[in-house]
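Q: In case it helps, TrEMBL gives these features for our protein:
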COMPBIAS  254-266  compositional bias 'Polar residues'
REGION    237-266  region 'Disordered'
TRANSMEM  55-80  transmembrane segment
TRANSMEM  92-111  transmembrane segment
TRANSMEM  123-143  transmembrane segment
TRANSMEM  306-332  transmembrane segment
TRANSMEM  338-361  transmembrane segment
TRANSMEM  373-392  transmembrane segment
TRANSMEM  445-465  transmembrane segment
TRANSMEM  515-535  transmembrane segment
Amino acid sequence: MDNSGPKKTCCESIRDFFTSAKFLIYMGHALSTWGDRMWNFAVAVFLVELYGNSLLLTAVYGLVVAGSVLLLGAIIGDWVDRNPRLKVAQTSLLVQNSCVIVCGILLMVVFQFKEQLVELYNGWILTTCYILVISIANIANLASTATSITIQRDWVVVVAGQDSSKLADMNATVRIIDQLTNILAPMLVGQIMAFGSHFIGCGFISGWNLCSMCLEYALLWKVYQKTPALATKAGQKEQQQELKQLSPPKDLENGQSPEESSQPLMNETSVVAKPDSPKQHGCCYQVTEPLRTLKAGWVAYYNQNIFFAGMSLAFLYMTVLGFDCITTGYAYTQGLNGSVLSLLMGASAVSGICGTVAFTWVRKKCGLIRTGFISGVAQLSCLMLCVVSVFTPGSPFDLSVSPFQDLYTHLIGESTLPEADHSLTSILTGGNTTTVAPAEEQPPLQSYMSVSLLFAGVIAARVGLWSFDLTVTQLIQENVIESERGVINGVQNSMNYLLDLLHFIMVILAPNPEAFGLLVIISVSFVAMGHIMYFRFAFKSLGSRLFLCCSPEQKVETVDSPSLPTTV
């Protein structure tokens, strides 16, 4: 090797970094997530404002978004696998930003002419506008899902090459960007709406997405030019030829063998669409193709050796122990005001960033699979504080009060609720009022010990949670063959949304604060089940070596599978 060449200066090294594909990926992701976070925060506020301070439209929007990803996640992932990387990234980028721009303009029209729209055709024009906003916003979210799959789950892997440490660092950096934008973006758009108006807020978001779309498009093209490996999806032609030899078309009509079910969906689709197949010209065959793709995606996900690792991550979504509207609503019933909650959310974000930093350090010391095991133990240990909070002074937990009392009250059609009702339903759905009573007007608590322990456990558990999330993400990246990355990550998103929906249903069935302790116990139980699944995966992969924290040079962490690469 010739070392006689001149060494790079500091300025040249800095220039090379800022023009590298890795940095350009970070820049594009930061722009994308900033716009996403602003829009996700603002659209909820806009829908509440438009519907008279009721959360009905927001709830409908959330249900439509979750249901769409749940049903279409595998199909979106398969579309990502079946098309060139640049085409997928550019198409999803254009569709996502265009839909947000259109939604912003439509909302501006509604805010400006709402009184006139209410009077037209008995309000049906306004209702149509609501439907259009929710539908277009849902399309934007589906396009965002495709962007996330192709950039975070595929492009990042290709840019990192075969360097597992570089991939871990890139994943951690991407997650830190997520955490920071999750704090700063809503603050910015919130200040704009507070000191300006909702009309100005809509215009700002539309303008941001227009500018951001052009910059992201240019950044994607630069990354694509700097990384030639993105132009091809390795092994597709060879795998297709092998599958054609192993599987005659007539056999596909009668069912698939276990060997075929583990092959990439790309290959299955190409075989089914061969000219020799008589079914490809049938109308029914074309109509049912998405259903076959959906089924094949879930089967492929089940057949992965990282199935239990992916399921363990999905189970962590079945929890009320997060900083969402449910936890915020419960905090208000316990006397915490908005100022305290904002500080707690900031502490939670800092804890999440610490988790991403800890991930890279622990992975280097103990290996990837062990990092997930350690993160799971850390998260569960911290969540024990939440379980303890259920039985400490100040907790409203009371098994003598039926958890379905509030639901039953609404179902039987009572027109009024008890005067002292502060149920989560009244806070999350508006109840029989249009505004939420401020925390200062609620009866003072005898002790804040319970709610303090609850949030201490939630915040501390974020370190283990984000470290575990990064572990499973990298396991999927490294152990799923390239031509199946899209569909497997699409199904993983669907599983996450499914468990997230179940946790909202759980709150709807037991909305009163007296039952929140029961929800906490159920949530911790699901988290524990998720980590038990991961332990099964880790022990199967490493055996007794799971408990031996060896150096990176000594560790051998491979997922035993004849059909998947063993790069972990």
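Here the Cβ of each residue, glycine as well, is placed from N, Cα and C on the backbone.
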Q: Pairs 6 or more apart in sequence, C-beta under 8 angstroms, 3 or more of them: is that satisfied by the transmembrane segment (445-465) and the transmembrane segment (338-361)?
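A: Taking Cβ pairs at least 6 residues apart, the transmembrane segment (338-361) and the transmembrane segment (445-465) are in contact, with 3 or more under 8 Å.
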Q: Count the Cβ pairs between the transmembrane segment (123-143) and the transmembrane segment (55-80) that lie under 8 angstroms and are 6 or more residues apart in sequence, then report whether there are at least 3.
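A: Yes, the transmembrane segment (123-143) and the transmembrane segment (55-80) are in contact.
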Q: So if I exclude everything within five residues of the ends of the transmembrane segment (306-332), which remaining residues of that chain have a CB under 8 angstroms from its CBs? That is, six or more out.
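A: Non-local partners: 340-341, 344-345, 348, 372, 376, 383, 386, 422, 424, 427-428, 436, 439, 442, 451, 455, 457-458, 461, 465, 468-469, 472, 475-476, 479-480, 488, 492, 495-500, 502-504, 506-507, 513, 516, 519-520, 523-524, 526-527, 529-534, 536-537, 559.
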Q: Residue list, the transmembrane segment (515-535) vs rest of chain: Cβ under 8 Å, 6 or more residues beyond ends.
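A: Those are 308-309, 311-316, 318-321, 330, 372-373, 376-377, 379-380, 383-384, 386-387, 389-391, 395-397, 399, 401, 403, 424, 454, 468, 472, 499, 503, 506-507, in sequence order.
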